[in-house]
């Protein structure tokens, strides 16, 4: 730990001592003396939400890029889906960076309590959908619907795992850098496939295209395993974060029992509605119903800041669905 301490290798200048101490504390993830604290007395790094939000946004970007690759390959193999193939391959150079930037801001501003509720609600809905996959439900559409929940899960889980860790600012900087690099390479892969997959797969010229030609059908299974692991960690972090507000086990039981019942009824209602109607309107109605239920719940057990975070979460959900509208249409037609 001394190796990364600024005071151990920077020159000892009296006039700069306060500045070195401040920077050293920030890099270690500790709140300096006199730094503003929130109403709960939390002493965590005030800059913590921004790198975690960036990691969550990059996770959403990787998910969309891999789904874009998978759906494009499916359209190439089907002559009747050439219009969908052209729509998927359309380049949007400004939308993708803007998508990551907006999601980073939303995920950084949304509180951990609301993010935890979003993660738990989606986990219950995902289990219900997985049980009904044999009845014709398409998992690709569920992957697109989980975009914002995935971002909340990654940011919530990362914040919980690094809480109290020494040098967590270094760890978050490393995580954000690796996530950004992974998202950049996934985006380049999607662009390469949309531009050259047909040519390279026929000519057996590119190793990446040949690999996807042979094993591209396994992308959904890869995403399913990765999402299952991510949400398993996020669920544990969400439960721990919510339980911090209870002073006794009795209070926790009185909270979790009606919450579980309400979420279960909500999931059953949405599953029944999905069997009766399909299309883009159903997806947006589902988002409004889910966030409306969370809004009513937090009116009784939440804080005023939680209400604001619910509205921000609604905007984040709608933004993810709007940016992936072409992929959603391809999933419905598939």
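Each residue, glycine too, has its Cβ placed from N, Cα and C.
Quick look at what TrEMBL lists:
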- 1-19: signal peptide (SIGNAL)
- 53-73: transmembrane segment (TRANSMEM)
- 94-120: transmembrane segment (TRANSMEM)
- 170-190: transmembrane segment (TRANSMEM)
- 202-219: transmembrane segment (TRANSMEM)
- 253-270: transmembrane segment (TRANSMEM)
- 282-301: transmembrane segment (TRANSMEM)
- 307-328: transmembrane segment (TRANSMEM)
Among the recorded stretches 53-73, 94-120, 202-219, 282-301, which has the greatest number of Cβ pairs closer than 8 Å to the transmembrane segment (170-190)?
53-73
Considering the transmembrane segment (282-301), which listed stretch of 53-73, 94-120, 202-219 counts the most C-beta pairs under 8 Å:
94-120
